[in-house]
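Q: Feature table excerpt (TrEMBL):
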| type | residues | note |
| --- | --- | --- |
| DOMAIN | 2-236 | domain 'Anoctamin dimerisation' |
| DOMAIN | 239-792 | domain 'Anoctamin transmembrane' |
| TRANSMEM | 247-278 | transmembrane segment |
| TRANSMEM | 326-345 | transmembrane segment |
| TRANSMEM | 401-428 | transmembrane segment |
| TRANSMEM | 448-469 | transmembrane segment |
| TRANSMEM | 490-512 | transmembrane segment |
| TRANSMEM | 617-640 | transmembrane segment |
| TRANSMEM | 668-692 | transmembrane segment |
| TRANSMEM | 749-769 | transmembrane segment |
Amino acid sequence: ADFVLVWETVPRELSGQQDSCENGDMQERAAAVHRTWRKKFLDELHTAGIHMEKHVTRVEKKVVHYLLLSAPWSVLCYYAEELQLRVPLQALPRQTSNWSASVLRQLGIPNLMAQEVPNLPLDYYTCPFKANKLRWFLGSDEQDTFFSTTQRHQILYKILATTQYGRSKDREVGVDRLLSENVFTAAFPLHEARPCRPPGPYKVRPEELAAGSLSPRQVLFQYWASWWKWSKYQPLDHIRKYFGEKVAFYFAWLGFYTGWLLPAAVVGVVVFVTGIFLMSNDVPLQEVCGSEEKYWMCPLCKTCPYWQLSKICSTFMTGRLFDHGGTIFFSIFMSLWAVLFLEFWKRTNASLAHRWDCSEFEDIEEQPRPQFTAVAPMTIINPVTGAEEPYFPKRRRVHRILAGSMVIIMMIAMMVMFLVSVILYRAVVTILLSSSGYFWFVASASRIASITGSVVNLIFILVLSKIYISLAHFLTKWEMHRTQTKYEDAFTFKVFVFQFVAFYSSPVYIAFFKGKFVGYPGNYRSLLGVRNEECSPGGCFIELAQELLVIMVGKQIINNVQEVAIPKLKCWWHKHKLLSSKQPGKEGESVLVEQAPWVMDHQLLVFEGLFDEYLEMVLQFGFITIFVAACPLAPLFALLNNWVEIRLDAHKFICDYRRPVAERAQGIGVWFSILEAITHLAVISNAFLIAFTSDFLPRMYYGYAHDSGLRGYVNFTLAYAPWDFVLQNNTTCRYRAFRDRDGNLTLTYWQLLAIRLGFIVAFEHVVFFTGRVIAWLVPDIPESVEVKVKRERYLAKEALAENKV
């Protein structure tokens, strides 16, 4: 059997004693409609030639029906031609696909990441299936194994998704609609067709490992999902053969990205360690720590006291860890790293797409989504195929997209309001702590406010995201996109824009706006009656690093805990519901039933797509590129997280999820465009960070114009409070700014502004130009792949030529 349909019924003797009369009538009517639809649907499947085999189990107060479906050879051939499935023409010698493997082999270094995985799938030249040219295809005499398991699943899903069960004018078509109406409770391909023996369906017994008689699922569990394999290459061809191209592309991209994080993490750690060494002989740092009562600073709020600059010695020291010349180098390095990463992924993507026979998938006409077919209001003749197919008017779709965009803008505005409330919260907490009178609270007021603000912000984000994602699902369905690719791209774009604003708004505020519009003593600016936030005494750079670590590491820890705990709890609850009590008196039978593969698979969770997995990784990519100047350790945290992430995801797919219907894909879809946008944004963001938030340029300016040893730099960055303020309070104080005693900006400020703007233009021109040169030097499709494509086309032409002698 290839596919399983499941539904539940309540026996007659129990249905009568459950509810009141009225409820019972309604339930009976609904059950009757469901029975009619189900009978019609199964009759249609029978007419289409599908083989069926039925099994029934009794669980608690209901009966669970399992219908095993398989398609005979004639049906497979007919649909394989319609779906343009690719089949083998000629076997190919296998080539290593990992660039690191070939580099290590050339250098003569033993490769610790390589592993021998049994049952390696062969590589073939392929072409679309044609029934009348059957004898030219490789293995066509073996009817049981000619089509792969995933191809049989695709064919059966196509039949199930297009079979009618009601009136055609009401678009009562397809298993997806029946699942949403609860006529069936589940429809899924089987993981394993053979009965399972202890220790379980995917765990490997020692004698099986020795004999090499492993099932595909056991191979993946042993050589991929196992924690001991964390340092090994992923068996991508096995993953593709078992789960289909879409899932395989996700894991290929995740593995590629994790491999590329290694050099970024190493350079980041070197830059961080350099910061520790530079700290020990930093002149401005020694001036701050040794100033004692030399610099009395102006109060940070109305009721706050005056304070000594020497009190912030430790914060200033921490700030120097992240803010030094090495971070400039690291920003340029990471910007070029991102460009190179995407260029080389394009090459890898092209190689994999060709090897997995999907390099032309999106260009060849993709089938309409079954859900679209079910509710489209009219039909139209397709200009390409000449066939009649469901249609939704473009104008109405545009109107719906515009209406949906308004809802999205409102949600984003709500998110910004939350951000403003967090800013006000920080300002109020700072004021309350500073005026509390307790020395420890007064000294660390802004740090406490900042850390708690970050945590509150993270909680806000996680709650709002849940609401927004369900709203985005509803809006994308309502927009009526014709194909699955278009539907997924529209949904992805919606959610990503929101998540981008949610996760990045707070770091952007700290990096580019906080402390920039404060005013000066005696003339402070305010927002909603609360004085604008200043950077903490150590500067905004250290706050940004702290915000990044809280959001990025906090989010990663929460996600990983969720990914381990939630599937396990859901699985346990699902099994508990299904197996809570069996029919009494048939003990032996219930044990046998429990071991049936379709029952085991029914207890697993429904696979809900790769969206959440991609979103998590792409947001992480944003953190390690857009704000990398502030936190050189970010790539290291990302690398450690991803090592865990690959095995966690693999474990979920093998052990916790039902097998998904294999979907074809040509790459990672719209996510690639989003990654490109993030890469461009990162260059601009890092240029502004270094120019306006970091101390790097003022130090360079002072070293060039005044003292190359930076002696007296601290005094240079502090202004004296204006005369009005001094007369009013009978005491003088200092504050960070380039202003004179009347509060006007000095010439130094304008000179520095010119240097900053000049630096931004130079930085982004250098990085973008270097990136363009790299993109030009690295071809998108490797030469070896182009040769293979030409060879494959030639063979296909030969095999399908009409006048074959």
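Glycine is no exception: its Cβ is also placed from the backbone N, Cα and C atoms.
TrEMBL annotations: computationally assigned, not manually curated.
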Q: Same chain, outside the transmembrane segment (490-512) by at least 6, Cβ under 8 Å from its Cβ: which residues?
A: 401, 404, 408, 411-412, 415-416, 419, 422-423, 454, 457, 461, 464-465, 468-469, 472-473, 475-476, 479, 481, 540, 543-544, 547-548, 551, 555, 611, 614-615, 618-619, 622-623, 626-627, 630, 669-671, 674, 685, 688-689, 692-693
Q: Establish whether the number of Cβ pairs under 8 Å between the transmembrane segment (247-278) and the transmembrane segment (749-769) reaches at least three, counting only pairs separated by 6 or more residues.
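A: Counting Cβ pairs under 8 Å (6 or more apart in sequence), the transmembrane segment (247-278) does not reach the transmembrane segment (749-769), since there are fewer than 3.
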Q: What stretch in 326-345, 401-428, 448-469, 668-692, 749-769 has the biggest tally of Cβ pairs under 8 Å against the transmembrane segment (617-640)?
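A: Per the Cβ count, the answer is 668-692.
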Q: The transmembrane segment (401-428): which same-chain residues, six or more beyond its ends, come within Cβ distance under 8 Å?
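A: For the transmembrane segment (401-428), the list is 449-450, 453, 456-457, 460, 464, 468, 471-472, 475-476, 478-479, 490, 494, 497-498, 501-502, 505-506, 509, 527-528, 530-533.
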Q: Do any residues, 6 or more residues outside the transmembrane segment (668-692), come within under 8 Å Cβ-to-Cβ of it, and if so which ones?
A: 249-250, 253, 327-328, 331, 334-335, 338-339, 342, 345, 349, 485, 488-489, 492-493, 496, 511-512, 516, 544, 614, 618, 621-622, 625-630, 756-757, 759-760, 763-764, 767-768, 771
Q: Across the whole of the domain 'Anoctamin dimerisation' (2-236), what does the mean pLDDT come to? Round it, please.
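A: Average per-residue pLDDT within the domain 'Anoctamin dimerisation' (2-236): 82.
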